[in-house]
Amino acid sequence: MDHLPIFCQLRDRDCLIVGGGDVAERKARLLLDAGARLTVNALAFIPQFTAWADAGMLTLVEGPFDESLLDTCWLAIAATDDDALNQRVSEAAEAHRIFCNVVDAPKAASFIMPSIIDRSPLMVAVSSGGTSPVLARLLREKLESLLPLHLGQVAKYAGQLRGRVKQQFATMGERRRFWEKLFVNDRLAQSLANNDQKAITETTEQLINEPLDHRGEVVLVGAGPGDAGLLTLKGLQQIQQADVVVYDRLVSDDIMNLVRRDADRVFVGKRAGYHCVPQEEINQILLREAQKGKRVVRLKGGDPFIFGRGGEELETLCNAGIPFSVVPGITAASGCSAYSGIPLTHRDYAQSVRLITGHLKTGGELDWENLAAEKQTLVFYMGLNQAATIQQKLIEHGMPGEMPVAIVENGTAVTQRVIDGTLTQLGELAQQMNSPSLIIIGRVVGLRDKLNWFSNH
């Protein structure tokens, strides 16, 4: 970390801007909004500065820069179009032990100005460390669209309630659950926006006085196939609100880095032929943590209801009366095929898709005759160890040996690897790949050479 993000209290503190043009004006607006006692020094000023001075909002010092202007300052900004002058201001500020920002010259500055999302009292600052201001601006714009304009009013109102909430709810967990209910209550937010005092009071009393459910809950979240950018917005919200995250091997490190920092993390990863934690024990972990009153996220790669055993885990919770919900994820078949340039359906080649597990419970047998039919795409999950059997069975039941096949390893991740060939080569191809891998069989695989976009990135 090259810069420490801090929020400075500048109200009624002396600050200096050197420069009287448009760039200096933008910086001045920020300092004035923060309540700074502002002095602006320049040889000439644009009209806005004169208007501010006439209104008593700042002091103008016309003339060359003099180091004595820094004597009482807490903070300075060099915002002229003269690089040498900006450097002199920076060096003088350094000698005075005053933080100084130099516009468009982060290496000459002792602090940099972030992109700001202002929902006062809630403030969000985004910075690229001065390396890419455009990137910081794009991120700010994206965050602006996610944060409602009335969020500041809700945050300010929450500050007024802190004392009462502390008296009403004895434990930290109870208080956190109350605040989470308040911040997502649309009626309260709208009432604050409309300054409807009656509705504000009614909604607040309802939230404070309704009984808190001391039972925990479990949210089954699909993490998607690997690329953290494919995690859904709702999935992200859930892992950032969790007390406990129970996760498996298919959840990438990039996604785990998004988990709430103080959440407990329980790894229950599985590998082909080896279960780190038996399924029954996983069920009991979810049950045990929820019974402690915790918010538990069961985080699974792909989609939890597609070969994720999510249904089995939820049955245990249902039988115990534990509340639960499900956040779907992008399943591996969809993600891996898209990132490999293989459309699962195509008007000319495939009118249906079969998602098939590569291993069944003891005694299970697939309907190989129907699987060998034309005009469909087959996607085998967890089928790497059974690739030779899949090849044999499909050919025995009439699928042409020249049918295109592909195996996708670590789909959608930067380490994705794809190998393709024909059905007669499937067993041999599988020996060159590692788990997790997905097998795709069908005429659509032949489009890969034309549609493969991800490897070019």
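Placement of Cβ uses the backbone N, Cα and C atoms for every residue, glycine included.
Some features that Swiss-Prot has for this protein:
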type     : residues                                             : note
REGION   : 1-204                                                : region 'Precorrin-2 dehydrogenase /sirohydrochlorin ferrochelatase'
BINDING  : D22, V23, L43, A44                                   : NAD(+) binding site
MOD_RES  : S128                                                 : phosphoserine
REGION   : 216-457                                              : region 'Uroporphyrinogen-III C-methyltransferase'
BINDING  : P225, G301, G302, D303, I306, T331, A332, M382, G411 : S-adenosyl-L-methionine binding site
ACT_SITE : D248                                                 : active site, proton acceptor
ACT_SITE : K270                                                 : active site, proton donor
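Here the features listed in Swiss-Prot are painted onto the structure.
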{"residue": "D22", "record": "NAD(+) binding site", "DSSP (3 states)": "helix"}
{"residue": "L43", "record": "NAD(+) binding site", "DSSP (3 states)": "coil"}
{"residue": "S128", "record": "phosphoserine", "DSSP (3 states)": "coil"}
{"residue": "P225", "record": "S-adenosyl-L-methionine binding site", "DSSP (3 states)": "coil"}
{"residue": "G302", "record": "S-adenosyl-L-methionine binding site", "DSSP (3 states)": "strand"}
{"residue": "A332", "record": "S-adenosyl-L-methionine binding site", "DSSP (3 states)": "helix"}
{"residue": "G411", "record": "S-adenosyl-L-methionine binding site", "DSSP (3 states)": "coil"}
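Spacing of the residue listed as 'active site, proton acceptor' relative to G302 (S-adenosyl-L-methionine binding site) is 11 Å (Cα to Cα, whole number).
Comparing CA positions across the recorded positions S128, P225, G302, G411, the one lying closest to L43 (NAD(+) binding site) turns out to be S128.
With a 10 A radius on its CB, I306 (S-adenosyl-L-methionine binding site) counts 18 other CB atoms from all the protein chains. Among the binding-site residues D22, P225, G302, A332, G411, the residue whose Cα lies closest in space to that of the residue listed as 'phosphoserine' is D22.
Largest Cα-Cα distance over the residues recorded as binding NAD(+), namely D22, V23, L43, A44, equals 15 Å. Burial estimate for the binding-site residues (G302, G411): highest at G302, by number of other CB atoms within 10 Å. Neighbour count (other Cβ atoms within 10 Å of the Cβ, all protein chains): 20 for the residue listed as 'active site, proton acceptor'. The Cβ centroid of P225, G301, G302, D303, I306, T331, A332, M382, G411 marks the S-adenosyl-L-methionine site; residues of that chain outside this set whose Cβ lies within 8 Å of it are G224, L250, F307, G308, G329, I330, A333, G335, C336, Y381, L438, given in sequence order. Remark: of the binding-site residues V23, L43, A44, P225, A332, the most isolated position is A44 (fewest other Cβ atoms within 10 Å of its Cβ).
Note: the CA-CA distance between V23 (NAD(+) binding site) and A332 (S-adenosyl-L-methionine binding site) rounds to 49 Å. For the S-adenosyl-L-methionine site, whose annotated binding residues are P225, G301, G302, D303, I306, T331, A332, M382, G411, the maximal Cα to Cα separation is 16 Å.
Geometry remark: A44 (NAD(+) binding site) versus P225 (S-adenosyl-L-methionine binding site), CA distance 59 Å.
Each of G19, G20, G21, A24, A42, F45, I46, A79, T80, D81 belongs to the same chain as D22, V23, L43, A44, is absent from that list, and has a C-beta within 8 angstroms of the C-beta centroid marking the NAD(+) site. Take the CB of S128 (phosphoserine) and look out to 10 A: across all protein chains shown you find 17 other CB atoms.
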